Structure formats: C-alpha cells, structure tokens
Amino acid sequence: IMGSSRWKVAAAAAFLAIVGSLLPVDADEHDHTYTDKEEVVLWMNTVGPYHNRQETYKYFSLPFCAGNKKTISHYHETLGEALQGVELEFSGLDIKFKDEVLQTTYCEIDLDKAKRDAFVYAIKNHYWYQMYIDDLPIWGIVGEADENGEDHYLWTYKKLEIGFNGNRIVDVNLTSEGKVRLVPNTRIAMSYSVKWKKSDVKFEDRFDKYLDPSFFQHRIHWFSIFNSFMMVIFLVGLVSMILMRTLRKDYARYSKEEEMDDMDRDLGDEYGWKQVHGDVFRPSSHPLIFSSLIGSGCQIFSVSFIVIIVAMVEDLYTERGSMLSTAIFVYAATSPVNGYFGGSLYAKQGGRRWIKQMFIGAFLIPAMVCGTAFFINFIAMYYHASRAIPFGTMVAVCCICFFVILPLNLVGTILGRNLSGQPNFPCRVNAVPRPIPEKKWFMEPAVIVCLGGILPFGSIFIEMYFIFTSFWAYKIYYVYGFMMLVLVILCIVTVCVTIVCTYFLLNAEDYRWQWTSFLSAASTAVYVYMYSFYYYFFKTKMYGLFQTSFYFGYMAVFSTALGIMCGAVGYMGTSAFVRKIYTNVKID
C-alpha cells in the first residue's frame, strides 16, 4: 500500500485482468518524461453542465470534430477510472514536446440544424468540457450566449500554453478564443495553437495550482476542528466524572450489601445495573444480522483509516481514479477483518449458521453499493452519460467480490470462531429472561437511539460540508490530516455517547443494550442524510432526474456506510465498558 503510484496502478490492473479487460500500451505519459519533439497526447475526456458535475457525457457526443492525426487507442488504467466515468478519447491534435504550433485549423464542422441545436442546448445549460495533457486536467467552456439570450456563440480556438521543467510537463493553461455565431448550414473552422514556456514549478508541486488553500484552510475549518476537539475533552471528562462517581457509589453500596444478612438485603433498596447481571450478556435479537453489521462496520473503519493514511502519504488526488481504486483494493484486502469480528461475535452469541452469516457479512456492503450503482446505471444509460458503468467493469467487480472478498472473509471467519469465538462472559446468563420494568419515556431505547447521534453529528458536520463540496463541486480535497483528526474525534465522541446511553439503559434495568448501543451511534447517519438535503437545496444548483438520483442515491450509500461504521465503533466501545463493570462486581 505504501509503494509507488505504479504499484497501485498495477494492483488495480490485476483485478481487471481477471476478465482480460486490460491491454498493454506504450505511452510516455505514464512515466511523465519526454524527449524533444516527442509526441504529447491531448485526451478529450467529458462534457457536461457546470452545475451538475457528475452528469457527464463523452466529449464527441457533441458534434465536435477531431484532428486528422491517427487515433491512439486508450484503455482504462484503473478500475476507479472505469467506475468514475472517465472516457478519454484522442483529440487528433498533433502536439510535440517543446515544439510550438501557430494557430492552425485542424477540422471543420458542417453546422446543420441538428448540430446547431445540440450546441445551443449545451450553451444554454453552461456546458464545460475537460481535457488531459500528461494527466493534468484542463477545463474549457463550450460557448456563450449574448445578453438577450437570442444568439449563441461557439468558442473555436483552443490556445494552449504548456509549461515545462526539464523533460517534464508541469503546467497547462487553456484560453478559449475565436467566438463564432451559430448559424445553420455554415462551416465552422476549429483551430488550436501550442506555446511552450519554461517554468520553475517542480514536478512534485504541479498540482498545487488546482488546490484551494483559502477554502479548505479557512478559519472556519480550523475553528471546527478546535471546537470538536474541545467537545471531546469536555465529553470524555464528563463521562469519566459521572460514571466513575456513580460506579464508585454503586460499588460501595453493593459491597455494603454483601455484609448484610438476607433480611436486611431484602428490605434494602435494590435497583440499577447490577440487577440485570444475569441477562446483560444474553444474545441479542437477530444475532446473524447483528454480527454481520458489526463485522462490516469494523471493516469500513479499517478501510477509512488505511485509505486516509495512504492519501496523506501518496497524494492520491494527482492521479485519475486512484482514490477509488485504492479504496476498492483496501476494502478487498481487509475482508478478513469483517470475517473475524463478525464470525467471533456470532459464535459467542451461540449462532450455528455460520456459513450464512459469513455470506451476509461478506456481501452486505458490496450488495448495497452495487445495487445502488446498478440502479443509477440504468438512468445513466438512458441519458447516454459517461457515468454508465461498462459491462466488463461490472463483471470485474463481481469477480472481485466472489474470488477475493469472499475467500478472505472465510479465512477471517474461521480465525474469529477458533481464536475468540468462545463465550467467556464474566456473568452467567439466566435461563429465564428477567422482565423489563416500566420506565420513563426518555429512557426508552427508541428515544435513546434518536438522541444518540446528535453529538457525533455535531462533531463532524462542518467537515461534511468540505467533503460534499469536494465531491459535488469543483474542489479537490487534499487536507486528509483534517479528515484523520475528524475520524478520531468522531470515534471518541461516539464511544462516549453510547457508553452513557447504555449506562442509563442498564440502570433502568433494561438489558437490551446491544442493539441500542449500535443504533444510537448509527443514528448519526440519519442526521448526515438530512444534512445532505439541506446541502442539495441550498448549496448547489443541481437539477434533473439524473443528477438528483445520482446525488441522493450515493448519499444514501455514504450515510448508511457511515452509520454502520459508527454503530460498530459504538458497540465495540460499549461492549468493553459493560464487560469491565460486570467483571469488577462480585456476584455470587
């Protein structure tokens, strides 16, 4: 994982090799070094409305024309590129390293009525297009309308200025000129020019121009981190003070009760968490689903932690699709984590259908993600968008699930059942469940679940804004140090909140703490999804069926995965707390 970028590309390519979807290609942009007058490829990627970033189409879906140069075949280097809808097509323009080109016409468009209508529609919807030179993205606008919106103009002249440092390209700028009015039954000449200039920018720093430090390192961002950190200190201190004082009183009272005779103990005031010691370690309801959720949550946490560390070290934003490819690779590699924690918990709770549990745990998250993606894929296919996932990529993803994730999950399940699958509870479980007494409305599990996610959401909602903006708008997220701090803060707050909720529940002599601890932490996802509605309507200008379904579909997937992770973290912390307090109490 910590290797070079080539190693990550090769790892992703190995997955695609399962279905033979990769072909060897010799291209200089892969090592980013050139000799004088060596070919430099200008790739045309996608075109789409500016306000709907995810709604993209092939560049040549608009009636643009290509240059006369021989086409160079392109393939998807990584699985991430294929899933993200990268559609690189050769522009046909003849560009050579350090070889300047004066304004040259490379093709002409015969503008009939259909082509004019296509361009007018694109201009009305503010279509932008994206290109790549040596993996550096370039954006340009298709055209513009006049003030009255009656006449529409197409930019016909691409003026490229490329900066080089030694034998490497470090900067690319595009200026659109040559505004031509769109009139049916005319010919429009498309032209380009290339100017080369020396640059002092280091190759390692060439992506800095695309970053926005003033946005991501704004005082609000720093303040949110500081505010969340202070919340953690306050919450941990409050939990420690309340629980330690309360538990100390409980321990003292229970120790005093041990010195009483039976008559005094019967007349004493017996209540609280000790009274449910015979039921607190009773298996949860629906243990198969519960253990699968816990295993999946532990795996999501592992993936998040590892991917953030890799992103901090490797600057994954500099390569197309590398973040998604790395996440898929890490998710597949951490499948034993899912099997270990899910399988061991299911065995501790006396489950016998462990093969069924392994299958559910292995395919819970992939089925959710793939099901949503395939549903949205039908809409993308209807729109002929580049986001439509190719059939070969679908097969590759299915092969990864069946031939990588499932076997590794099986290994983890076997290890978990054999190494930590024995129930070693500090208290014996009663044969007959204890009746749960009536309690006040605010101590009911449903109320605790609804209130449990407020503080965890409060610690991350500012960071959610920056993450949403980087994905749904034209920002490149690069402050992964902030993300790591937020992840740690979220876990601490979640554990503290679930411990307090569980203690109140047990003190009310309600031993149904497993699902309550999981759901009270997982309810953070509900607040995140509610926030996504606010972000959609007030922070974006998205429109249309495709973008709306894409947004809310994948936000549902993101929120659900976040909820499963928080629920697993909350349960694991609460489980350690429950085991600790009942271990320290002497029970006959």
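Glycine is no exception: its Cβ is also placed from the backbone N, Cα and C atoms.
Here the structure is a predicted model, which means the values were calculated and not measured.
If you check TrEMBL, you get these features:
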- 1-27: signal peptide (SIGNAL)
- 222-244: transmembrane segment (TRANSMEM)
- 288-312: transmembrane segment (TRANSMEM)
- 324-347: transmembrane segment (TRANSMEM)
- 359-383: transmembrane segment (TRANSMEM)
- 389-411: transmembrane segment (TRANSMEM)
- 446-468: transmembrane segment (TRANSMEM)
- 480-506: transmembrane segment (TRANSMEM)
- 518-538: transmembrane segment (TRANSMEM)
- 550-572: transmembrane segment (TRANSMEM)
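Scored on C-beta pairs under 8 angstroms, the neighbour of the transmembrane segment (446-468) with the top count among 222-244, 389-411, 480-506 is 480-506. Counted over residue pairs 6 or more apart, the CB atoms of the transmembrane segment (324-347) and the transmembrane segment (288-312) come under 8 Å in at least three pairs, which marks the two as touching. Residues 54-55, 293-298, 300-301, 304, 341, 365, 368-369, 372, 375-376, 379-380, 387, 452-453, 456, 472, 490-491, 494-495, 497-498, 514, 517-526, 528-529, 532, 536, 542 of the same chain lie 6 or more positions beyond the ends of the transmembrane segment (550-572) yet place their CB under 8 Å from a CB of it.
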